[in-house]
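These features come from TrEMBL:
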- 48, 54: NADP(+) binding site (BINDING)
- 125, 126, 127, 238, 239, 278, 293, 294, 295, 296, 297, 319: FMN binding site (BINDING)
Ligand code: EPS
(Lines of atoms letter the chains of each structure in order from A and count residues from 1; the text may use other names and numbers.)
(Lines give C-alpha, C1' and ligand atoms only; values in the text may rest on other atoms or scores of the structure.)
Protein backbone atom coordinates (compact mmCIF):
# COMPACT_ATOMS: atom_id res chain seq x y z
CA UNK A 1 0.00 0.00 0.00
CA UNK A 2 1.92 3.04 -1.15
CA UNK A 3 -0.72 5.66 -1.87
CA UNK A 4 -1.70 6.74 1.60
CA UNK A 5 -0.56 10.32 0.96
CA UNK A 6 -1.95 13.16 -1.13
CA UNK A 7 -1.10 16.79 -1.92
CA UNK A 8 2.10 18.26 -3.39
CA UNK A 9 3.31 21.08 -1.13
CA UNK A 10 0.90 20.33 1.69
CA UNK A 11 1.24 16.58 1.95
CA UNK A 12 -1.10 14.54 4.11
CA UNK A 13 -0.48 10.91 5.01
CA UNK A 14 -3.00 8.90 7.02
CA UNK A 15 -2.45 5.55 8.72
CA UNK A 16 -4.30 3.09 10.90
CA UNK A 17 -7.17 0.63 10.89
CA UNK A 18 -10.64 0.79 12.39
CA UNK A 19 -9.88 -1.80 15.09
CA UNK A 20 -6.16 -1.19 15.56
CA UNK A 21 -4.88 0.70 18.59
CA UNK A 22 -5.02 4.09 16.87
CA UNK A 23 -5.42 6.04 13.65
CA UNK A 24 -3.29 8.99 12.71
CA UNK A 25 -1.94 11.37 10.13
CA UNK A 26 1.15 13.36 9.27
CA UNK A 27 0.65 16.80 7.72
CA UNK A 28 3.88 17.90 6.08
CA UNK A 29 4.59 21.27 4.44
CA UNK A 30 2.37 23.32 6.72
CA UNK A 31 3.69 26.88 7.12
CA UNK A 32 4.98 27.84 10.57
CA UNK A 33 3.20 30.11 13.01
CA UNK A 34 -0.37 28.77 12.85
CA UNK A 35 -1.91 28.58 16.33
CA UNK A 36 -2.86 24.94 16.93
CA UNK A 37 -4.14 23.13 20.03
CA UNK A 38 -5.81 19.73 20.55
CA UNK A 39 -9.16 21.39 21.27
CA UNK A 40 -9.16 22.99 17.80
CA UNK A 41 -10.08 19.60 16.37
CA UNK A 42 -13.04 18.84 18.64
CA UNK A 43 -15.80 20.66 16.77
CA UNK A 44 -15.25 19.15 13.33
CA UNK A 45 -14.45 15.69 14.68
CA UNK A 46 -17.71 15.72 16.64
CA UNK A 47 -19.63 16.79 13.52
CA UNK A 48 -18.28 13.69 11.71
CA UNK A 49 -18.42 11.22 14.59
CA UNK A 50 -20.56 8.12 14.99
CA UNK A 51 -22.94 7.68 17.92
CA UNK A 52 -24.19 11.27 18.14
CA UNK A 53 -27.73 10.40 17.01
CA UNK A 54 -29.70 7.20 16.44
CA UNK A 55 -29.29 7.71 12.69
CA UNK A 56 -25.60 6.76 12.60
CA UNK A 57 -23.44 3.84 13.75
CA UNK A 58 -23.66 3.47 17.54
CA UNK A 59 -19.91 3.11 18.03
CA UNK A 60 -18.87 5.70 20.63
CA UNK A 61 -15.37 7.00 20.09
CA UNK A 62 -13.79 9.78 22.11
CA UNK A 63 -11.98 11.07 18.99
CA UNK A 64 -9.48 13.03 21.06
CA UNK A 65 -6.53 14.31 19.05
CA UNK A 66 -3.00 14.06 20.42
CA UNK A 67 -0.48 16.36 18.73
CA UNK A 68 2.75 14.39 18.63
CA UNK A 69 4.97 16.78 16.69
CA UNK A 70 5.18 19.97 14.66
CA UNK A 71 3.76 22.32 17.29
CA UNK A 72 5.76 24.27 19.87
CA UNK A 73 4.25 26.65 22.40
CA UNK A 74 0.88 26.45 20.64
CA UNK A 75 2.09 27.24 17.11
CA UNK A 76 3.06 25.15 14.11
CA UNK A 77 6.82 25.04 13.58
CA UNK A 78 6.94 24.14 9.87
CA UNK A 79 8.01 20.59 10.68
CA UNK A 80 5.75 17.55 10.12
CA UNK A 81 2.61 17.68 12.26
CA UNK A 82 1.74 14.20 13.53
CA UNK A 83 -1.75 13.70 14.93
CA UNK A 84 -3.01 10.59 16.71
CA UNK A 85 -6.50 9.42 17.70
CA UNK A 86 -6.77 6.26 19.78
CA UNK A 87 -9.51 3.73 18.98
CA UNK A 88 -11.43 3.15 22.19
CA UNK A 89 -14.70 1.43 21.24
CA UNK A 90 -13.96 -1.19 18.59
CA UNK A 91 -16.02 -4.41 18.89
CA UNK A 92 -14.14 -6.90 16.76
CA UNK A 93 -16.35 -9.88 17.62
CA UNK A 94 -19.04 -8.41 15.31
CA UNK A 95 -16.77 -9.37 12.43
CA UNK A 96 -15.81 -12.91 13.49
CA UNK A 97 -18.68 -14.54 11.58
CA UNK A 98 -17.90 -12.80 8.29
CA UNK A 99 -14.11 -12.92 8.46
CA UNK A 100 -14.03 -15.47 5.64
CA UNK A 101 -16.89 -14.04 3.60
CA UNK A 102 -17.13 -11.09 1.25
CA UNK A 103 -19.87 -8.54 1.82
CA UNK A 104 -21.37 -7.80 -1.62
CA UNK A 105 -20.59 -4.21 -2.58
CA UNK A 106 -17.73 -3.99 -0.04
CA UNK A 107 -13.95 -3.65 -0.42
CA UNK A 108 -13.50 -6.99 1.44
CA UNK A 109 -13.28 -8.79 -1.89
CA UNK A 110 -10.85 -6.47 -3.67
CA UNK A 111 -8.52 -6.04 -0.66
CA UNK A 112 -8.04 -9.79 -0.39
CA UNK A 113 -7.40 -10.17 -4.12
CA UNK A 114 -4.88 -7.34 -3.99
CA UNK A 115 -2.91 -8.18 -0.85
CA UNK A 116 -3.66 -11.85 -0.22
CA UNK A 117 -4.32 -10.90 3.39
CA UNK A 118 -6.78 -8.53 5.06
CA UNK A 119 -7.72 -7.24 8.48
CA UNK A 120 -11.41 -8.15 8.67
CA UNK A 121 -12.02 -6.33 11.94
CA UNK A 122 -14.27 -3.41 11.13
CA UNK A 123 -13.15 -3.39 7.51
CA UNK A 124 -9.58 -2.61 8.58
CA UNK A 125 -8.09 0.16 6.50
CA UNK A 126 -11.15 0.33 4.21
CA UNK A 127 -13.33 1.56 7.09
CA UNK A 128 -14.82 5.04 7.14
CA UNK A 129 -13.01 5.36 10.47
CA UNK A 130 -10.02 6.54 8.42
CA UNK A 131 -11.93 9.71 7.48
CA UNK A 132 -11.44 10.95 11.06
CA UNK A 133 -7.87 11.86 10.19
CA UNK A 134 -8.85 13.64 6.98
CA UNK A 135 -11.13 15.84 9.06
CA UNK A 136 -8.34 16.43 11.60
CA UNK A 137 -5.88 17.43 8.86
CA UNK A 138 -8.57 19.58 7.28
CA UNK A 139 -8.90 21.62 10.47
CA UNK A 140 -5.38 22.96 9.88
CA UNK A 141 -6.12 23.82 6.24
CA UNK A 142 -9.40 25.53 7.14
CA UNK A 143 -7.67 27.66 9.75
CA UNK A 144 -4.93 28.76 7.36
CA UNK A 145 -7.30 29.47 4.48
CA UNK A 146 -9.62 31.51 6.68
CA UNK A 147 -6.78 33.45 8.27
CA UNK A 148 -4.79 34.21 5.09
CA UNK A 149 -7.55 34.60 2.51
CA UNK A 150 -10.88 34.70 4.34
CA UNK A 151 -11.82 31.44 2.56
CA UNK A 152 -14.77 29.59 4.13
CA UNK A 153 -15.61 25.99 3.35
CA UNK A 154 -19.05 24.59 4.14
CA UNK A 155 -21.18 21.59 3.18
CA UNK A 156 -24.65 20.18 3.51
CA UNK A 157 -26.53 17.03 2.58
CA UNK A 158 -28.53 17.93 -0.53
CA UNK A 159 -30.27 14.61 -1.16
CA UNK A 160 -31.02 11.38 0.74
CA UNK A 161 -32.33 8.59 -1.49
CA UNK A 162 -35.20 10.35 -3.36
CA UNK A 163 -35.63 13.18 -0.83
CA UNK A 164 -34.48 16.65 -1.87
CA UNK A 165 -34.69 19.88 0.14
CA UNK A 166 -37.84 21.94 -0.49
CA UNK A 167 -35.84 25.10 0.21
CA UNK A 168 -32.17 25.91 0.62
CA UNK A 169 -31.11 27.72 3.79
CA UNK A 170 -27.46 27.43 4.84
CA UNK A 171 -28.41 28.70 8.31
CA UNK A 172 -30.48 25.54 8.90
CA UNK A 173 -27.68 23.10 8.10
CA UNK A 174 -25.86 22.93 11.43
CA UNK A 175 -29.02 22.85 13.53
CA UNK A 176 -30.22 19.35 12.62
CA UNK A 177 -28.56 15.91 12.63
CA UNK A 178 -28.78 15.57 8.83
CA UNK A 179 -26.85 18.71 7.75
CA UNK A 180 -30.09 19.42 5.91
CA UNK A 181 -30.80 22.88 4.46
CA UNK A 182 -34.59 22.77 4.98
CA UNK A 183 -35.57 22.78 8.67
CA UNK A 184 -39.18 22.07 7.72
CA UNK A 185 -38.26 18.60 6.42
CA UNK A 186 -36.32 17.30 9.40
CA UNK A 187 -39.30 15.34 10.78
CA UNK A 188 -39.80 13.70 7.39
CA UNK A 189 -36.12 12.74 7.26
CA UNK A 190 -36.26 11.32 10.77
CA UNK A 191 -39.23 9.16 9.82
CA UNK A 192 -37.44 8.05 6.65
CA UNK A 193 -34.28 7.12 8.53
CA UNK A 194 -36.20 5.30 11.29
CA UNK A 195 -38.05 3.22 8.71
CA UNK A 196 -34.83 2.56 6.81
CA UNK A 197 -33.01 1.40 9.94
CA UNK A 198 -35.90 -0.89 10.91
CA UNK A 199 -35.94 -2.38 7.41
CA UNK A 200 -32.24 -3.29 7.69
CA UNK A 201 -31.48 -1.59 4.40
CA UNK A 202 -29.34 1.46 3.59
CA UNK A 203 -29.62 4.59 1.43
CA UNK A 204 -27.35 6.79 -0.64
CA UNK A 205 -26.91 10.54 -0.32
CA UNK A 206 -25.58 13.59 -2.09
CA UNK A 207 -23.35 16.16 -0.38
CA UNK A 208 -22.93 19.71 -1.64
CA UNK A 209 -19.61 21.27 -0.60
CA UNK A 210 -18.71 24.86 -1.29
CA UNK A 211 -15.72 27.15 -0.83
CA UNK A 212 -16.34 30.89 -0.61
CA UNK A 213 -13.73 33.60 -1.04
CA UNK A 214 -11.21 31.64 -3.13
CA UNK A 215 -9.28 34.22 -5.16
CA UNK A 216 -8.87 33.79 -8.93
CA UNK A 217 -5.71 31.93 -9.95
CA UNK A 218 -5.47 28.71 -7.92
CA UNK A 219 -5.06 25.49 -9.93
CA UNK A 220 -2.27 24.10 -12.12
CA UNK A 221 -2.95 23.42 -15.79
CA UNK A 222 -2.77 20.94 -17.34
CA UNK A 223 -2.47 17.82 -15.14
CA UNK A 224 -2.96 19.58 -11.81
CA UNK A 225 -6.26 21.24 -12.62
CA UNK A 226 -8.06 22.39 -9.50
CA UNK A 227 -11.24 20.55 -10.50
CA UNK A 228 -9.31 17.36 -11.32
CA UNK A 229 -7.62 17.35 -7.92
CA UNK A 230 -10.86 18.18 -6.10
CA UNK A 231 -12.57 15.31 -7.92
CA UNK A 232 -9.72 12.93 -7.04
CA UNK A 233 -9.84 14.04 -3.40
CA UNK A 234 -13.60 13.49 -3.18
CA UNK A 235 -13.42 10.15 -4.98
CA UNK A 236 -10.86 8.99 -2.42
CA UNK A 237 -13.50 9.22 0.34
CA UNK A 238 -15.05 5.86 1.26
CA UNK A 239 -18.36 5.13 -0.53
CA UNK A 240 -18.07 7.97 -3.07
CA UNK A 241 -19.28 7.01 -6.53
CA UNK A 242 -19.63 10.37 -8.30
CA UNK A 243 -18.40 13.97 -8.23
CA UNK A 244 -19.77 16.96 -10.10
CA UNK A 245 -18.24 20.43 -10.34
CA UNK A 246 -20.76 23.24 -10.93
CA UNK A 247 -23.44 22.14 -13.39
CA UNK A 248 -21.65 18.77 -13.69
CA UNK A 249 -23.60 16.27 -15.75
CA UNK A 250 -26.38 18.81 -16.36
CA UNK A 251 -23.85 20.48 -18.72
CA UNK A 252 -24.62 17.69 -21.18
CA UNK A 253 -28.07 19.08 -21.95
CA UNK A 254 -27.32 22.79 -21.53
CA UNK A 255 -26.74 24.99 -24.56
CA UNK A 256 -23.52 27.01 -24.61
CA UNK A 257 -25.55 30.20 -24.26
CA UNK A 258 -27.10 28.75 -21.11
CA UNK A 259 -24.00 27.18 -19.57
CA UNK A 260 -21.59 30.13 -19.93
CA UNK A 261 -21.53 32.43 -16.92
CA UNK A 262 -22.01 35.95 -18.27
CA UNK A 263 -19.70 38.59 -16.79
CA UNK A 264 -20.10 42.29 -16.08
CA UNK A 265 -18.16 44.73 -13.90
CA UNK A 266 -20.78 43.97 -11.23
CA UNK A 267 -20.11 40.23 -11.23
CA UNK A 268 -20.95 36.86 -12.79
CA UNK A 269 -24.61 36.25 -13.71
CA UNK A 270 -24.49 32.51 -12.82
CA UNK A 271 -22.04 29.82 -11.71
CA UNK A 272 -22.41 26.79 -13.96
CA UNK A 273 -18.61 26.50 -14.01
CA UNK A 274 -18.61 25.84 -10.26
CA UNK A 275 -15.94 28.49 -9.74
CA UNK A 276 -13.30 26.87 -11.95
CA UNK A 277 -12.35 27.78 -15.53
CA UNK A 278 -9.57 25.91 -17.33
CA UNK A 279 -8.65 24.18 -14.08
CA UNK A 280 -8.07 27.55 -12.34
CA UNK A 281 -10.28 29.20 -9.73
CA UNK A 282 -12.30 32.12 -11.15
CA UNK A 283 -13.07 33.88 -7.87
CA UNK A 284 -16.62 32.51 -7.82
CA UNK A 285 -17.77 30.06 -5.15
CA UNK A 286 -16.35 26.58 -5.79
CA UNK A 287 -19.34 24.24 -5.93
CA UNK A 288 -18.90 20.48 -5.73
CA UNK A 289 -21.53 17.78 -5.49
CA UNK A 290 -20.57 14.32 -4.22
CA UNK A 291 -22.57 11.06 -4.52
CA UNK A 292 -22.33 8.52 -1.67
CA UNK A 293 -23.48 4.97 -2.31
CA UNK A 294 -25.72 3.11 0.15
CA UNK A 295 -23.68 1.34 2.84
CA UNK A 296 -22.91 -2.29 1.96
CA UNK A 297 -22.86 -3.73 5.50
CA UNK A 298 -26.47 -4.94 5.77
CA UNK A 299 -28.24 -7.32 8.09
CA UNK A 300 -30.45 -8.32 5.13
CA UNK A 301 -29.11 -11.67 3.86
CA UNK A 302 -27.31 -11.46 0.51
CA UNK A 303 -25.77 -13.97 -1.84
CA UNK A 304 -22.00 -14.00 -1.92
CA UNK A 305 -18.98 -16.31 -1.85
CA UNK A 306 -16.52 -17.18 0.86
CA UNK A 307 -12.73 -17.34 0.76
CA UNK A 308 -12.81 -20.82 -0.73
CA UNK A 309 -15.12 -19.63 -3.53
CA UNK A 310 -18.20 -21.48 -2.23
CA UNK A 311 -21.63 -19.86 -2.42
CA UNK A 312 -22.84 -18.59 0.97
CA UNK A 313 -25.38 -16.16 2.36
CA UNK A 314 -23.90 -13.23 4.26
CA UNK A 315 -25.58 -11.31 7.07
CA UNK A 316 -23.70 -8.36 8.61
CA UNK A 317 -24.56 -7.53 12.18
CA UNK A 318 -22.95 -4.84 14.33
CA UNK A 319 -23.08 -1.06 14.40
CA UNK A 320 -23.40 0.33 10.89
CA UNK A 321 -24.54 3.56 9.28
CA UNK A 322 -27.80 3.16 7.34
CA UNK A 323 -26.71 6.22 5.33
CA UNK A 324 -23.00 6.97 5.56
CA UNK A 325 -23.49 10.16 3.51
CA UNK A 326 -25.14 11.76 6.55
CA UNK A 327 -21.74 12.02 8.24
CA UNK A 328 -19.91 13.10 5.11
CA UNK A 329 -20.21 16.92 4.99
CA UNK A 330 -17.24 17.52 7.37
CA UNK A 331 -15.18 15.00 5.39
CA UNK A 332 -15.93 16.72 2.07
CA UNK A 333 -15.16 20.10 3.63
CA UNK A 334 -11.83 18.80 4.89
CA UNK A 335 -10.82 17.34 1.52
CA UNK A 336 -11.78 20.55 -0.29
CA UNK A 337 -9.85 22.67 2.23
CA UNK A 338 -6.75 20.47 1.94
CA UNK A 339 -6.76 20.63 -1.87
CA UNK A 340 -7.26 24.40 -1.77
CA UNK A 341 -4.43 24.96 0.70
CA UNK A 342 -2.10 22.81 -1.37
CA UNK A 343 -2.98 24.86 -4.46
CA UNK A 344 -2.64 28.15 -2.62
CA UNK A 345 0.90 27.15 -1.67
CA UNK A 346 1.67 25.95 -5.20
CA UNK A 347 0.32 29.19 -6.68
CA UNK A 348 2.39 31.21 -4.21
CA UNK A 349 5.53 29.26 -5.11
CA UNK A 350 5.33 30.04 -8.82
CA UNK A 351 3.30 33.22 -9.12
CA UNK A 352 3.76 35.30 -5.99
CA UNK A 353 5.44 38.01 -8.09
CA UNK A 354 2.71 38.25 -10.77
CA UNK A 355 1.18 41.74 -10.45
CA UNK A 356 -2.56 42.35 -10.88
CA UNK A 357 -3.07 42.88 -14.63
CA UNK A 358 -6.84 42.99 -14.96
CA UNK A 359 -9.69 43.96 -12.64
CA UNK A 360 -11.35 41.07 -10.81
CA UNK A 361 -14.97 40.39 -11.71
CA UNK A 362 -16.67 40.20 -8.31
CA UNK A 363 -17.17 36.52 -7.51
CA UNK A 364 -20.26 36.76 -5.31
C1 EPS B 1 -17.72 1.40 9.38
C2 EPS B 1 -18.38 0.52 10.19
C3 EPS B 1 -18.57 0.80 11.61
C4 EPS B 1 -18.64 2.30 11.89
C5 EPS B 1 -17.38 2.93 11.30
C6 EPS B 1 -17.39 2.78 9.80
O7 EPS B 1 -17.41 0.35 12.24
P8 EPS B 1 -17.37 -0.74 13.36
O9 EPS B 1 -18.21 -1.86 12.92
O10 EPS B 1 -15.94 -1.06 13.44
O11 EPS B 1 -17.89 -0.04 14.59
O12 EPS B 1 -18.74 2.51 13.27
O13 EPS B 1 -17.29 4.29 11.58
C14 EPS B 1 -16.43 4.74 12.52
C15 EPS B 1 -15.96 4.02 13.51
C16 EPS B 1 -16.08 6.16 12.38
O17 EPS B 1 -15.43 6.73 13.28
O18 EPS B 1 -16.44 6.73 11.33
C19 EPS B 1 -17.36 1.02 8.00
O20 EPS B 1 -17.57 -0.15 7.63
O21 EPS B 1 -16.86 1.87 7.21
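Every residue gets a Cβ built from N, Cα and C, even glycine.
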Task: Could you round the CA separation between residue 293 (FMN binding site) and residue 54 (NADP(+) binding site) to a whole angstrom and send it over?
output: 20
Field: Rounded Cα separation (Å) that holds between residue 295 (FMN binding site) and residue 54 (NADP(+) binding site)
entry: 16
Query: Which of these binding-site residues (125, 127, 239, 295) have a C-beta closer than 6 Å to some atom of ligand 1?
result: 127
Statement: In all the protein chains shown, the tally of other Cβ atoms within 10 Å of the Cβ of residue 127 (FMN binding site) is 21
Task: Among the binding-site residues 125, 293, point out the residue whose Cβ has the most other Cβ atoms within 10 Å, with all shown protein chains included in the count.
output: 125
Task: Specify the count of other C-beta atoms within 10 Å of the C-beta of residue 48 (NADP(+) binding site).
output: 23
CB within-chain contacts under 8 A for residue 297 (FMN binding site), separation at least 6: 103, 106, 123, 202, 316, 318, 320
- prompt: Widest Cα span across the FMN binders 125, 126, 127, 238, 239, 278, 293, 294, 295, 296, 297, 319, in Å?
  reply: 44
Message: Excluding near sequence neighbours, so keeping only residues 6 or more apart in the same chain, what lies with its CB under 8 A of residue 54 (NADP(+) binding site)?
response: 194, 197
